[in-house]
Every structure is written in C-alpha cells, then in structure tokens.
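Asker: OK, Swiss-Prot features for this one:
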SIGNAL    1-25  signal peptide
DISULFID  28-72  disulfide bond
DISULFID  39-59  disulfide bond
DISULFID  45-66  disulfide bond
DISULFID  49-68  disulfide bond
C-alpha cells in the first residue's frame, strides 16, 4: 500500500513537471521599425525594441536585421485581418528559408 502511494505521488509529480515545460508562451518576432541600418551587436537592437514596447531584440544571423521579440498574445492575433497575418507569416517564413538555404550552402 505504501509503495503504490509513493509511486502515485511520483507519477503525479513527474506529470506536473512535463506539463509545466509544455506550457510555454510562443515567441513572436518582427523586424524593428526604429532601428537604423545593419544590425551588428545586440545591445542597440535590444534598446530599440524595448522602446517599441517589445521584451527583447536580437540581430538576425544572415540578413543582419534587428528582430524584436515578445510573447505571443492570442488577442493580438484576433484583431488583425487574415490577410495581415498571412503577409507577416510569409515574410517571416521567407526570411527563415533564405537563412536556412544560405547556411546549408
């Protein structure tokens, strides 16, 4: 009886840990509107992104653009039209594919 109770407690604890790691906000990225020129180091990019109300920013590896990041919020996606969402996702996908293609060569 004691062993099954101990096993049950362990199973519940393990399940809680696995679930906690899965519940993570997706990170949304967008190019900075205020950062001028080519992005070389993170601090100026991060400063520009924070001034634009994002949580962080970094330079893209290949295209050297300043990308601002923040946790995705469901409500923001609902306020945009389908065409706007598709256009943003297409730009992000195109940049990711270009970087991947360049890295593979």
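The backbone N, Cα and C atoms fix where each Cβ goes, and this holds for glycine too.
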Asker: Where residue 28 (disulfide bond) and residue 68 (disulfide bond) are concerned, what is their Cα separation in Å, rounded?
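Answerer: That comes out at 8 Å between the alpha carbons.
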Asker: Give the residue from the disulfide-bonded residues 39, 45, 66 that has the most other Cβ atoms within 10 Å of its Cβ, counting over every protein chain displayed.
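Answerer: Per the Cβ count within 10 Å, the most buried is 66.
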Asker: Which of 28, 49, 59, 68, 72 has the fewest nearby Cβ atoms, counting only those within 10 Å, among these disulfide-bonded residues?
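Answerer: Among the disulfide-bonded residues 28, 49, 59, 68, 72, the lowest count of other Cβ atoms within 10 Å belongs to 72.
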Asker: So which disulfide-bonded residues out of 49, 68, 72 end up within 10 angstroms of residue 39 (disulfide bond), measuring C-alpha to C-alpha?
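Answerer: Candidates kept after distance check: none.
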Asker: If I take the Cα of residue 66 (disulfide bond) as reference, which of the disulfide-bonded residues 49, 59, 72 has the closest Cα?
Answerer: 59
Asker: Round to the nearest Å and give the CA-to-CA distance linking residue 45 (disulfide bond) with residue 68 (disulfide bond).
Answerer: 8
